[in-house]
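Enquirer: Sharing a structure below in structure tokens format, with a few things to ask.
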């Protein structure tokens, strides 16, 4: 009798433990609701540096004497300002709380985005306010990954980073579409969308925790509950400053290089897809924009399924991402049909999304907690640099080789992606890093 009760008790205990493990595996709990509301608010606002893109043609028509390249930079100059703010706040986050940094970001975005409603008599004014809004958005590229890594660990963190990426690009598609509708009634109306940053300011003040990224001892009430071994692993990971979680500079550099190459390659698609479509007579001026929607949409798909992909691909997640990008470029080289161009955009975007969801997770385990915001600031700056450098590197390569710039760019994309995939697979970078630095 006593043995039977003991067996039943052990069975019930295991069942309860399994249920607890399943509960612990989900981040969407009542306890985390406030924190997640803050995280996803920041994710949506982080793409507001390019919100005015649908109105560029209309702005050019309003200022016919302005240089077209100057007007176009209204939609892109914010990314340059974001590099500065990402690096600056990467350092300032050692002292600032997440709430303070988030509110500062929202204030910059709202000010830079709403001031053109009152002051829009010159392109110079619009450029100045675009810089301010972009500066604010850049802060979030440091705050977001640092905030998620502060309260989540392991598969929870990996999955959440994927969902954040999905929210960023998904909301970007919606906001750009709405902006286009507003701009149809006058480009100045596009700026009303920046009013969402004021709502974001309120949500950040309410939901984002007022704790410091560098202090491992502070605990937020919405912090996810870890059960059993997971709690021990997380605790060990936080406390092993001189062991498993010690910062590895070479590994950090490789991760940042991977992110740089990802954006360096995906920039080819943004720079050359319209040329490709025009050269092969695949559609009108709006065709490239439609095809690029598949690139952006791939981030939503990958972001929502990143943990399943990591589980399926295991040690070859990062090499597979570069292979996808190479295959996408090969599709463009081998075929000249618009549906296949959309497929290529999806493949290239999927590869980039896998990397952009995986690298911040790896960096969160490689960097010391207090250094992680700075590391992510450098990561953000380098990925932005990758986008800019891509244009000039492939232009110089085409001039040097004397070939067609489109063909040189696409073949260069294939070569770089395959070399990166081979180096990561043969060097076993991902499994070595995960075995040494990521608590199991």
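FYI, residue positions are counted from 1 along the chain as it appears here.
Cβ from N, Cα, C; glycine included.
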Enquirer: Give the range, chosen from 44-64, 191-211, that TrEMBL lists as transmembrane segment.
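Expert: Here TrEMBL associates transmembrane segment with the stretch 191-211.
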Enquirer: Does the transmembrane segment (126-152) come near the transmembrane segment (191-211), with 3+ Cβ pairs under 8 Å (pairs 6 or more apart)?
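Expert: In this chain the transmembrane segment (126-152) contacts the transmembrane segment (191-211) - 3 or more Cβ pairs sit under 8 Å.
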Enquirer: Counting only residues 6+ away from its ends, which parts of the chain sit with a Cβ under 8 Å from the transmembrane segment (375-394)?
Expert: 79-80, 82-83, 86-91, 138, 141-142, 145-146, 252, 255-257, 259-268, 270-271, 356, 359-360, 363, 366-367, 405, 408-409, 412
